[in-house]
């Protein structure tokens, strides 16, 4: 109700006809089950919603038989409630109620699920309101986990098939596509091969682009369960057709799902089948398709076998720090750079230290980027780069960046400090000693500094004791322990009480 559009008389009538304080009052003398039974039938929608949310806890408190006798019968009118918000919240209650029925009632509870709960959720899955359908679809997927394999076809699959074949309602077909993907793991290989695969192929040719887009987003789980051979022969050709769709939104959906499709295929098939698709996405006329392709390039490269990672793909990745980000412009520039930085350690791991000369300029550019979130990403991953690149490169190149991050803005500094000891693991003992002043600096700080910095350092004290010499441990680390053990933040004190024993053990062992 928009009260701005009401005149004074209409507003007065609305307030007079609405629920009064007495109407909204709850009888606290009632038991939970009596309260739920009474108020889910209230004329006030808010009361119905509130007490629908109590169904799960009430069922646990009254037991299996009372739930079947008193609560389950309440669901019938609730799934047909005139207020869609009530129906939506009822849908959310189904998985927990079904789990309770199975746990408390064994076979009898399982029969209640098959005979009563599934027919009721079926009505909500085909509800006219999108929010209700969405909630019911999520609940159906959770409920399917409780249904035995031999009952999946009769009780679950038969809910989805009519939705997929409703030619008059595209929203039902969209719901069906998502359900095929969500339910695939419970259907198992046989049902997926017999029903889900041909259904997805058919829906991928739907005249409505929104259905095709949803289909493109729903291939991954079906591919995984149907098997690599069938996916390669039947599903991938349909996905390739969607990747060339006239509507850019469908192509963008394919670009976003390329990595999940890759993981569903045999490693040897990923490169030959999917690299040509990625190449088309990266050269697409739509800026949004190109952006989706770049955002997923790092994970896509990680999914490929090393021999399939071509020089062209590497150049695409490196361009994310320069030309590609500038071409996309606007917010896309920082976003693409961020994705490049996020995936950078994985690419270094794939290519190895021998290819560092190709990657180093991009690292230098991004690690000093003006956008702090990009620097923060590297701050959290420098220790991984050090592990791959080795001691020499770590000391000559990575340490300079690491040093700057220790004096950067708080979020970047915190990322570097979280892996302080991990990073020092990959430098020589003599080089490691140069970082003792950093610990001394922490010891000189008062307790007004951010407690999170003190926490991340506390969690690394045992490792620091191990990697530094006994003299350094005793002169620098031990005083730091003594200061942190009296920290006013309780969680830090508990850490340090433990680490005192660890420190004692380290000193004795040295």
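Any Cβ shown, glycine's included, is placed from N, Cα and C.
Nonlocal intrachain contacts for the repeat 'HEAT' (117-155), taken as residues 6+ away from its ends with a CB within less than 8 angstroms of a stretch CB, comprise 72, 75-76, 79-80, 84-85, 87-92, 94-95, 97-99, 101-102, 110, 162-163, 171-172, 175, 178-179, 182-183, 186-188, 191. Per TrEMBL, the feature repeat 'HEAT' maps to 117-155 (among others).
Tertiary proximity for the repeat 'HEAT' (156-195) is limited to same-chain residues at least six positions away from its ends with a CB under 8 Å from its CB atoms, namely 118, 121-122, 125-126, 130, 133-134, 137, 140-141, 144-145, 147, 149, 202-203, 206, 208, 210-211, 214-215, 217-222, 224-227, 230. Per TrEMBL, repeat 'HEAT' is recorded for 156-195 (among others).
When averaged over the repeat 'HEAT' (196-234), pLDDT in the model lands at 95. The feature repeat 'HEAT' is assigned by TrEMBL to 196-234 (among others).
Under the heading repeat 'HEAT', TrEMBL lists 235-269 (among others). Beyond its flanks by at least six residues, the repeat 'HEAT' (235-269) meets 197, 200-201, 204-205, 209, 212-217, 219-220, 222-224, 226, 228, 277-278, 280-281, 284-286, 288-289, 292-293, 295-296, 299-300, 303-305 of its own chain at Cβ-Cβ distances under 8 Å.
The feature repeat 'HEAT' is assigned by TrEMBL to 274-312 (among others). Sequence-distant contacts of the repeat 'HEAT' (274-312) (same chain, six or more residues past either end, CB-CB distance under 8 Å): 239-240, 243-244, 248-249, 251-252, 254-256, 258-259, 261-263, 265, 267-268, 320, 324, 328, 332, 335-336, 339-340, 342-344, 346-347, 350-351.
Sequence-distant contacts of the repeat 'HEAT' (359-397) (same chain, at least 6 residues past either end, Cβ-Cβ under 8 Å): 318, 321-322, 334, 337-338, 340-342, 344-345, 347-349, 351-353, 404-405, 408-409, 411-416, 418-419, 422-423, 425-428, 431. Annotated repeat 'HEAT' per TrEMBL: 359-397 (among others), in sequence order.
With DSSP states grouped into helix (H, G, I), strand (E, B) and coil, the repeat 'HEAT' (274-312) comes out at 30 helix, 0 strand, 9 coil. DSSP labels the residues of the repeat 'HEAT' (196-234) in these numbers: 30 helix, 0 strand, 9 coil.
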